[in-house]
């Protein structure tokens, strides 16, 4: 009778785990994705969510590496993006790319009709000057500079609200319908912005310019939203009075907190300044002294 000893098997997969810089989790290599331009590596789920968020929010057309300290400042290639997002998300991304190309091309512009949105070609020889443009799709004639009805021989009225209009509309009824227009153009970069409902304080995703939806006045420096307390836009913000007061209380509290912090820290700064200056002078004097021979 022969007996054999049982020898346990220790064949364990000892493949190293890699750390994701976004979620700080550790994953095997097959669950990670490497960006080809910079060789930064992230878990596939985090990178997919990051890319989808930027595309859906329309924040970027060139999607950069999510690592803010990336030494090469790499960007994801189009084929890399296409491999990780759904088909409809990729179509939206390509649409954003096309809109960006038209925006940066001085020889192309968008038809201002909200029902058309075709791309119109400008005369390259006169691209720096206002010129009449006719849409190839809806035949609407408009000015390339102010986007209003074609006004050959007359100066552009730059102060008119920048709203979209339908074919056949003229300037008289455009002014009366400007508040109800669902689509307007950013007064700074001229891109289209659509508003369904809600707050009248708008921020352009393209240039980050804050403005009033009704009169297009800049709100970049109006932290307390005083604009909606007087004038034609009074009480048109779209929020209750209580929520506006709460917003202002928060803003004032933030500024007051910074002021109080500066007030408390100022005596310590005054006391520390002479010591810092003395240390700097001493270090400089030590550098200037010749080495002993």
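In case you wondered, yes, glycine gets a Cβ from its N, Cα and C as well.
Noted in Swiss-Prot for the protein shown:
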{"type": "BINDING", "residues": "20, 23, 43, 46", "note": "Zn(2+) 1 binding site"}
{"type": "BINDING", "residues": "143, 146, 151, 156", "note": "Zn(2+) 3 binding site"}
{"type": "BINDING", "residues": "186, 189, 204, 207", "note": "Zn(2+) 4 binding site"}
{"type": "ACT_SITE", "residues": "199", "note": "active site"}
{"type": "TRANSMEM", "residues": "251-271", "note": "transmembrane segment"}
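Feature annotations (Swiss-Prot) mapped to structure.
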residue: 20; record: Zn(2+) 1 binding site; CB count, 10 Å: 19
residue: 23; record: Zn(2+) 1 binding site; CB count, 10 Å: 13
residue: 43; record: Zn(2+) 1 binding site; CB count, 10 Å: 22
residue: 146; record: Zn(2+) 3 binding site; CB count, 10 Å: 18
residue: 151; record: Zn(2+) 3 binding site; CB count, 10 Å: 17
residue: 156; record: Zn(2+) 3 binding site; CB count, 10 Å: 14
residue: 186; record: Zn(2+) 4 binding site; CB count, 10 Å: 20
residue: 189; record: Zn(2+) 4 binding site; CB count, 10 Å: 13
residue: 199; record: active site; CB count, 10 Å: 12
residue: 204; record: Zn(2+) 4 binding site; CB count, 10 Å: 18
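Neighbour counts of Cβ atoms within 10 Å were compared across the binding-site residues 143, 207; the minimum falls on 207. Residue 199 (active site) and residue 207 (Zn(2+) 4 binding site) are 19 Å apart (CA-CA, integer value). Under 8 Å, Cβ to Cβ, and six or more positions away along its own chain, residue 46 (Zn(2+) 1 binding site) finds 20, 22, 23, 66. In the three-state DSSP scheme, residue 156 (Zn(2+) 3 binding site) is classed as coil. Here the Cα atom of residue 189 (Zn(2+) 4 binding site) is found 16 Å from that of residue 143 (Zn(2+) 3 binding site). Ranked by CA distance from residue 186 (Zn(2+) 4 binding site), the binding-site residues 43, 146, 151, 156 have 146 at the top as the closest. Distances between the Cα of residue 143 (Zn(2+) 3 binding site) and those of the recorded positions 43, 199, 204 are shortest for 204. When the CA atoms are compared, no recorded positions among the candidates 43, 199, 204 lie within 10 A of residue 146 (Zn(2+) 3 binding site). Counting in whole angstrom, residue 199 (active site) lies 37 from residue 43 (Zn(2+) 1 binding site) by their C-alpha atoms.
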